[in-house]
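Participant: Heads up, here are the entries from TrEMBL:
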| type | residues | note |
| --- | --- | --- |
| DOMAIN | 4-142 | domain 'Aspartate/ornithine carbamoyltransferase carbamoyl-P binding' |
| BINDING | S51, T52, R53, T54, Q78, R102, H129, P130, C131, Q132, C264, L265, R292 | carbamoyl phosphate binding site |
| DOMAIN | 149-303 | domain 'Aspartate/ornithine carbamoyltransferase Asp/Orn-binding' |
| BINDING | N161, D225, S229, M230 | L-ornithine binding site |
Amino acid sequence: MTIRHFRRDDDLTPAEQLEVLDLADRLKADRFASQALAGPRTVAVMFDKHSTRTRVSFCVAVAELGGFPLVIEAASSQLGRGEPIADTVRVFDRQCAAIVWRTFGQERLDEMASISRVPVVNALTDEFHPCQILADLQTVRERHGRLAGLTLTYLGDGANNMAHSYLVGGATAGLHVRIACPGGFSPDPEIVVRAEAIAATTGGSVTVTDDAKEACRGSHVLATDTWVSMGQSDAEAREAAFAPFQLDSALLGLADPTAIVLHCLPAYRGKEVTAEVLDGPQSAIWDEAENRMHAQKALLVWLLAKSTPPTGRST
Ligand code: CP
Ligand code: NVA
């Protein structure tokens, strides 16, 4: 039995990430080319947190692959009343072809993946948002024609899921990843070390700085994210700390003239990004949001093709 999961960005090697991105481009050009879930086979899509893009894009992707997306609000399931993850997985993996889960701690997702006999996909944890980075990479390649060697700058909360996934997923793609964040909001050092190790093999690099201007200078992609992620509460203190890292026209003006702007959304105009930049001509946010669907469709097809469920199983 071989089961491939996508728990974090480095579950795909650089070559595998490229395979998924190439497939995403093919499935964007020909949306119904794969019927990998025909039957229909069911994919459980479960949420412990709010979602708009992830919910829509996974449901559309599964449906277009010929499958059935079973959306579960965790709070209304027995998991939400304390049933163990291990018992929940055993119900899902006997009936579903894959499990997509948005939850809190990464250890919850890792536990599910360690037990599941079907692929488990991280639809966002506190630590990583790897599906978003696949869509972002697809968008960057569409706009710039390549990935390796480009510079991507992320501004804001360096300790959140987006920063960590840009570090690991960006390094995997051979990007020069710059994280600009205030002291006290730096990325997890273990994740920085991991990204540096990957970058050493792909020709990319990793920089963590508190100098927003230097981080933006000459960059090909400027990205940001909410200053208050789901589950966080200290909004006022966080907004004060992050104010110098607002993505505005002045910072965009320091970037390469061809630079694009990314934001995973939802965005808070006037906080982490100005409306002028978010809705301006260099913004690629709507392609980025659409690419969630294409990238995740490719990911599901790829994971299912690489996974061999236990013999005698019907899912
Ligand atoms: N970018 C993203 O994951 O959006 P949702 O929270 O709406 O799913
Ligand atoms: N960092 C944000 C991303 C939302 C898609 C959060 O976790 O809330």
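Including glycine, each Cβ sits where the backbone N, Cα and C put it.
Predicted automatically and left uncurated, TrEMBL annotations should be read as such.
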Participant: Around the L-ornithine site formed by N161, D225, S229, M230, which additional residues qualify by having Cβ within 8 Å of the site's Cβ center?
Facilitator: L124, D126, H129, D157, N160, M162, T226, Q232
Participant: Given the binding-site residues D225, S229, R292, return the subset with CB under 6 A from an atom of ligand 2, ordered by sequence, or none if empty.
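Facilitator: Once distances to ligand 2 are taken from each Cβ, D225, S229 fall under 6 Å.
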Participant: Among the binding-site residues listed here, S51, Q78, N161, S229, whose Cβ has the fewest other Cβ atoms inside 10 Å?
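Facilitator: Per-residue Cβ counts within 10 Å for the binding-site residues S51, Q78, N161, S229 bottom out at Q78.
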Participant: Looking at the binding-site residues N161, D225, S229, M230, which ones sit with their CA no more than 10 Å from the CA of C264 (carbamoyl phosphate binding site)?
Facilitator: D225
Participant: Given the binding-site residues N161, D225, S229, M230, which one's Cα is the least distant from that of Q78 (carbamoyl phosphate binding site)?
Facilitator: M230
Participant: Quick test of your reading of the structure: among the binding-site residues C131, N161, D225, M230, R292, whose CB sits under 6 A from ligand 1?
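Facilitator: Near the molecule: none at all.
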Participant: Ranking the binding-site residues R53, H129, R292 by other Cβ atoms within 10 Å, which is at the bottom?
Facilitator: R53
